[in-house]
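Trainee: Below are the C-alpha cells for one structure; questions will follow.
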Amino acid sequence: MMLSIKRAASTTVRSITSSISSPTFTRNLHASGGRKKIVGVFYKGNEYASQNPNFVGCVEGALGIREWLESQGHEYIVTDDKEGLNSVLEKHLPDLHVLISTPFHPAYVTAERIKKAKNLELLLTAGIGSDHIDLNAAAAAGLTVAEVTGSNVVSVAEDELMRILILVRNFLPGYHQAVSGEWNVAGIAHRAYDLEGKTIGTVGAGRIGRLLLQRLKPFNCNLLYHDRLQLDPELENQLGAKYEEDLDAMLPKCDVLVINTPLTDKTRGLFDKNRISKCKKGVLIVNNARGAIMDTQAVADASSNGHIAGYSGDVWFPQPAPKDHPWRYMPNHAMTPHISGTTIDAQLRYAAGVKDMLERHFKGEDFPEQHYIVKEGQLASQYR
C-alpha cells in the first residue's frame with residue numbers, strides 16, 4: 001500500500017523520489033489542507049424539495065452539507081446537469097477536487113472526463129454502487145473512489161421484497177382496474193399466487209442479498225443463492241438458504257429470481273438471451289442491482305413471449321431512462337425510476353457518511369476500509 005505523505009516524509013530520499021513519480025502521489029498531493037472545490041450531482045427535488053426537511057438527497061437538499069462546507073472555506077457546486085460537453089458538470093471538471101454523485105442520478109465519470117479533471121482527488125458515491133465511474137481509469141490515475149457502504153441496504157432489501165409480492169400476487173392489474181373504474185376479478189386472479197412454497201433464488205448474497213433472504217424466511221419459501229463465495233454454514237442455517245455454486249443449474253429451479261450482484265466487467269450483460277432461456281418458463285425477475293446486468297432487448301423479448309412472466313426493478317441503463325426504453329412498454333412489468341435506495345432514512349445515512357469521509361479527506365485521514373472502491377491503484381475485491 002502506498003505510504004501517506006506524512007509517512008513518506010520519514011522515509012529515505014530514494015523512496016520519496018519513487019513515490020513522487022507515481023500517479024497516486026500526484027493526485028493525492030493536495031488531498032489535505034487548502035480550499036477545495038466540491039461538485040455534487042443529484043436529482044432535482046423541484047416542488048417536493050420543501051415538503052420534508054430531511055429530503056437531503058436532492059439538488060436543493062445538497063446532502064445537508066452546504067453550510068458546513070462553506071464555513072470551512074470550500075466551494076460547493078450542486079447540479080443535476082451532467083450530460084454532454086455543455087453541462088454544468090463538464091464546465092467544472094477542470095478545477096474540481098471532489099466529485100460526489102449518486103446511483104439514482106449518476107454522473108458518468110469516463111476515462112475522458114478523468115483526464116480533463118486535472119485537480120480531481122476524490123470520487124464519492126452517496127449511496128452504494130460506483131459502476132458509473134470507470135474504475136480502472138480512476139485506479140490508473142491514482143484517484144480514490146469510495147461509497148457509503150451499508151447506507152441503504154435495508155432500503156433496497158425491503159423494496160425487493162415488495163416487488164416480489166407485487167409480481168407474485170399480480171397486484172398491478174388490480175390497481176389499474178381500481179383507478180380506471182373497472183372490476184374484473186378474473187383478470188387478476190388467473191395469475192395470482194401465494195409466495196409460500198415458491199422457490200426464490202438470489203444472484204448475489206452480499207449485504208442486500210442476505211437481508212432479503214432473512215426477510216423471506218418467514219414466508220416459508222425454498223431459498224437458494226448463488227455467489228462467488230459460500231456463506232458460513234451457521235449463517236446459511238439461520239437464513240434457511242441453500243448455496244448453488246452453478247448459476248445455470250440454479251436458474252431453472254427458481255419461480256422468482258432476484259438480482260443482487262454488483263455491475264462489473266464480468267456481470268455486465270450476464271443475463272443475455274441465452275441465460276434467460278435457462279430460466280424456468282414463467283419466471284418472475286426482480287432487479288434492483290444494475291440495469292446493465294441484463295441485456296435490455298433480451299428482457300423485453302422474453303417478457304413479450306411469456307418466458308418472463310413479470311419483471312420489476314428500479315434500475316435502467318442509462319439513467320435517467322429515455323422515453324423510448326423498451327422496458328417501459330413490455331407487458332407485465334412493475335418498473336419504477338431508481339428509488340429503492342433513496343428513502344429519507346437512507347438519504348440521512350448516506351449524507352452523514354459523505355460528510356464523514358469529506359472531513360477525513362480534508363484532514364488527510366483514511367476512511368473506514370469497507371468504504372473504499374479504489375484505493376492506491378487497487379480495486380475493491382468485488383470489482384476485480
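Cβ coordinates come from backbone N, Cα and C, glycine included.
Note: TrEMBL annotation is automatic and uncurated.
Pulled from TrEMBL, these are the listed features:
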- Arg207, Ile208, Asp227, Pro262, Leu263, Thr264, Asp265, Lys266, Asn288, Asp314, His338, Ile339, Ser340, Gly341: NAD(+) binding site (BINDING)
- 68-366: domain 'D-isomer specific 2-hydroxyacid dehydrogenase catalytic' (DOMAIN)
- 162-340: domain 'D-isomer specific 2-hydroxyacid dehydrogenase NAD-binding' (DOMAIN)
- Arg290: site 'Important for catalytic activity' (SITE)
- His338: site 'Important for catalytic activity' (SITE)
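Burial and contacts for the listed features, if you can.
Mentor: The Cβ of Arg207 (NAD(+) binding site) has 18 neighbouring Cβ atoms from other residues within 10 Å, across all protein chains displayed.
Listed in sequence order, Gly129, Asp131, Pro262, Leu263, Thr267, Val315, Phe317 are the same-chain residues at least 6 apart in sequence whose CB falls under 8 Å from the CB of Arg290 (site 'Important for catalytic activity').
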Trainee: At a 10 Å cut-off from the C-beta of His338 (NAD(+) binding site), count the other C-beta atoms across all protein chains.
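Mentor: So the Cβ neighbour count for His338 (NAD(+) binding site) comes to 23.
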Trainee: State the mean pLDDT for the domain 'D-isomer specific 2-hydroxyacid dehydrogenase catalytic' (68-366).
Mentor: 97
Trainee: Within 10 angstroms of the C-beta of Ser340 (NAD(+) binding site), what count of other C-beta atoms is obtained when all protein chains are considered?
Mentor: 24
